[in-house]
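First comes the structure, then the notes that go with it.
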Amino acid sequence: MSQTAMSETYDFLFKFLVIGNAGTGKSCLLHQFIEKKFKDDSNHTIGVEFGSKIINVGGKYVKLQIWDTAGQERFRSVTRSYYRGAAGALLVYDITSRETYNALTNWLTDARMLASQNIVIILCGNKKDLDADREVTFLEASRFAQENELMFLETSALTGENVEEAFVQCARKILNKIESGELDPERMGSGIQYGDAALRQLRSPRRAQAPNAQECGC
């Protein structure tokens, strides 16, 4: 198997969203996660941008297909169509902007109404590097997350702090739900697909049983 083919082998594929008001650094978070560097010439997203990356979560290889949605109101009707079947989401606000924090409830309502039934959401307070200009306290956001059953991290797309951890935590919780039976990857609209590696494991018991069936003389 070629190195390229090996690098594309994964156990699961998860559809992710990055949502929140314009100017919160959503595209910069995605760029930092994919490229491991800060995107310093970022303009507001027009419609939807896309990125993907394979990560190792507890020994499972998970490919994240990530849709970065525009935060401006005029694009909401377009971006809502991408919510369908999302398994996970980063709900992003800017810790230096009270306005972006106050808009979280609307974004959360859209995600839970339009995405998959069991969508896993992590709240990300971005621009942690601008702590001196903070308008939203860690405690206040932590309470919001607890009240709405969200995970929560403060992140910095500039320094990279907690950026990968946000995606990994969200993916880990989805994996836990699959293992517990709460999520079924084969259910339409789950936002989850089996990768080649997982499909091989699912099929291997059937192959192992085949010789026994042939040996039967009845």
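Even glycines carry a Cβ here, placed using N, Cα and C.
Over in Swiss-Prot, the protein carries these features:
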{"type": "BINDING", "residues": "Ser27, Thr45, Asp68", "note": "Mg(2+) binding site"}
{"type": "MOTIF", "residues": "44-49", "note": "motif 'Switch 1'"}
{"type": "MOD_RES", "residues": "Gln72", "note": "5-glutamyl serotonin"}
{"type": "MOD_RES", "residues": "Ser190", "note": "phosphoserine"}
{"type": "MOD_RES", "residues": "Ser204", "note": "phosphoserine"}
{"type": "LIPID", "residues": "Cys216", "note": "S-geranylgeranyl cysteine"}
{"type": "MOD_RES", "residues": "Cys218", "note": "cysteine methyl ester"}
{"type": "LIPID", "residues": "Cys218", "note": "S-geranylgeranyl cysteine"}
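A map of Swiss-Prot features onto the structure.
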residue : record              : DSSP class
Ser27   : Mg(2+) binding site : helix
Asp68   : Mg(2+) binding site : strand
Ser190  : phosphoserine       : coil
Starting from the Cβ of Asp68 (Mg(2+) binding site), draw a 10 Å sphere and report how many other Cβ atoms land inside it. 25
Quick note, Asp68 (Mg(2+) binding site) and Ser190 (phosphoserine): C-alpha atoms separated, nearest Å, by 19
Using a 10 Å cut-off, grab the number of neighbouring Cβ atoms around the Cβ of Ser190 (phosphoserine), all chains included. 22
Alpha-carbon distance [Ser27 (Mg(2+) binding site); Ser190 (phosphoserine)] in Å: 24
Average the pLDDT scores across the motif 'Switch 1' (44-49) and report the rounded value. 53
Around the Cβ of Ser27 (Mg(2+) binding site), other Cβ atoms found within 10 Å total 22
